[in-house]
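Take a look at the structure set out below.
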Amino acid sequence: MSIMKRESLPEEYIPYIRHVNQHVIALNSRCLMTVMAVEGVNFDTADINHLNSLHNQLNTLLRNIADERVALYSHIIRRRETIYPESRFFSSFAATLDEKYKKKMVSQELYRNDLFVSLLWNPTSGKTEQLASFFQRLTKAKKTQSEPDMEAIRKIEELSQDLIQGLESYEARLLSVYAHEGILFSEQSEFLHQLVGGRRERIPLTFGTIASTIYSDRVIFGKEMIEIRHESNERFVGMFGWKEYPSKTRPGMTDGLLTAPFEFILTQSFVFKSKAAARVIMGRKQNQMINAADRASSQIDALDEALDDLESNRFVLGEHHLSLAVFADQPKTLVEYLSKARAHLTNGGAVIAREDLGLEAAWWAQLPGNFSYRARSGAITSRNFAALSPFHSFPIGKLEGNVWGAAVALLKTQAGSPYYFNFHYGDLGNTFVCGPSGSGKTVIVNFLLAQLQKHNPTMVFFDKDQGAEIFVRAGGGKYKPLKNGQPTGIAPLKGMEYTEKNKIFLRSWVLKLVTTEGQTVTEQERQDIAKAINSLESLPHAQRSLGALQLFFDNTSKEGIAIRLQRWIKGNDLGWVFDNDQDDLNLDSQFIGYDMTDFLDNEEIRRPLMMYLFNRILDLIDGRRIIIVIDEFWKALEDDSFKAFAQDRLKTIRKQNGMMLFATQSPKDALNSTIAHTIIEQCPTQIFFPNQKANYKDYVEDFKLTEREFELIQSELSRESRRFLIKQGQNSVVAELNLRGMNDEIAILSGTTKNIELVNQIINDYGADPDTWLPIFHQRRENQ
């Protein structure tokens, strides 16, 4: 295929003049335009009924904004994504993990789909002027710098807001002017620049026309191929158009393109027709069939029914066109991509044509407002357009501008697109993680926590079975495995300042030690404990022990506080729990881990222990960034102190810049709790792993997953795939974490009993600095 050297000046084909305001652009035809970016809906995890409902809603929206002075363009721009979230870590392990993972991810072919819808309004067309004749003059109109009519600006802004509201389910927003490093840039110009040159870059506001600003690459047209020359590279483009429309349309006819392994621009336009013009078009088509003695009487009957639907306002009619521009770095590669693209486009029954003689017109017809360049257009209904442009896509998350800054982690979706994961959904970061043993839950949770270290939060991890011990220690944290019969290093009477608030807590805590569940406490006992705490304050810090506290009580009563406190004093059967030489909870560390597995079933110890721990953790929730992680939290929920802590903090921790992460093997564990409603409501980010034994009621009726999401979890996703479902609000996506070849890192993220013992041996010999013991650990582990 030869390239013919044929170029044109931008003003001849690009109709955009300038910004009227931050949202509205004026065209040289005096048309006005706004552009919206649309997140879209993930068709891959949505129920069919939901997609059909959205299709009906789109049709209703199109009917509501129908006006012969209005036109819509929709674009899908599929492009390679190479951006990796910015990262700086306070632990060398997290930095090494990120470096290896980044290298793996940026080498992959990840593509994203950017969806846009453009709204055009003709302010000069009177009620008696036919829109068709006006659009024929659009590209012939002379360039004008005259001020647009203020009423027209008001009208397009109103229509834009109506469109934004109607697309609420798709998360649409108006493109606008923005500032970056003190310079004003235009999102609309950046979008249009992609249509003109197929490349994304920042476009500043200038005193010149938008047309001259966005034409920065040379676009050269050949017989069947376009060459786009940039100073650093060149690209080649081939185009398809719809020659004949399919007999029926359905939502998702072009969804196959959304996973294609190449870049493209899919353009569609829809110019609304008046009801009178629609009657003429449909009547003419019906007469053609009758005059031709067409035997397909069913088609004539269908047109009768369609005319009735038109009169009943069940749809509106518009002039539509569709084109697909496919990009490649080499002509040979382009041929391969075009073959794949053709298969996707013909999947719905349409007849498509490769653009050759009309290639240049087809290219410029991608630009909203270039109506006269649409060589292949046809009349379709709003229901057809809603099916052909259903705003299906895959969520990509949010790279920047999150509550804590850049995205926590870049993940790959099942569709091969990037997903920028954040714990936060809006300003709420609480997260619920559910997956059976062996599903990969531990690796992924700890990986995300390692990535979170870029935001420098305080991290408190309540572990079970020491599964995260190696990870906490490798991340520069301090880990305290609390074991039955072994001194805990906890001494509440020595660990707290004797403020009025803390003394009130210590009174309640001592009561916990000397009473059993349901036991009545007398007012005299409360007063005695308060006096004893006040007296203990006068002692030197080192002498504030439970043994010393006992001396302030009457020891003559066989059932008094002194006797009931006896077993908690050093040297007695529970003296190892709280009567220690010093209180060392490691609260000065930025990363703290506790393992309480031994005590979860021991209510007598668990109640006062968790009461104290969570009270001290409360002091850390002071506005600093903090995440509190509780593994197998359902077991902890059996404790009243934790239950109260969780119920209160789930609702309020966001106000103090914190979040909580709850992990469990089964959703039923959470649902059995009396605060299940709070957990579901206050954890907008939910991560579910494959589970062949998943219960429909637990997942769908209680956790409100869609039937499609449940189907994915129960049957379609395998454990071996290392894929999982992320749900935030009403949106969900299937993502994967590929750590193949990163065996050293996996050994840290998911600790085995054997490796935990090895790490503790090495730390005993070489110290707790992970930069020292990690290399030794990897060497010995490989030699085992």
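Any Cβ shown, glycine's included, is placed from N, Cα and C.
Under the DSSP three-state reduction, G440 (ATP binding site) is assigned to coil, being neither helix nor strand. The ATP binding site annotation in Swiss-Prot covers G435, P436, S437, G438, S439, G440, K441, T442 and rests on sequence analysis.
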Note down the number of other Cβ atoms within 10 Å of the Cβ of S437 (ATP binding site), including every protein chain shown. 7
Which state, by DSSP, holds G435 (ATP binding site): helix, strand or coil? coil
Hey, what's the Cβ neighbour count for T442 (ATP binding site) at 10 Å? 20
Determine the minimum-neighbour residue: among G438, G440, listed as binding-site residues, which Cβ has the fewest other Cβ atoms within 10 angstroms? G438
Which has the fewest other Cβ atoms within 10 Å: G435, P436, the binding-site residues listed? P436
Count, for each of the binding-site residues S439, K441, the other C-beta atoms lying within 10 angstroms of its own C-beta, and report the residue with the smallest count. S439
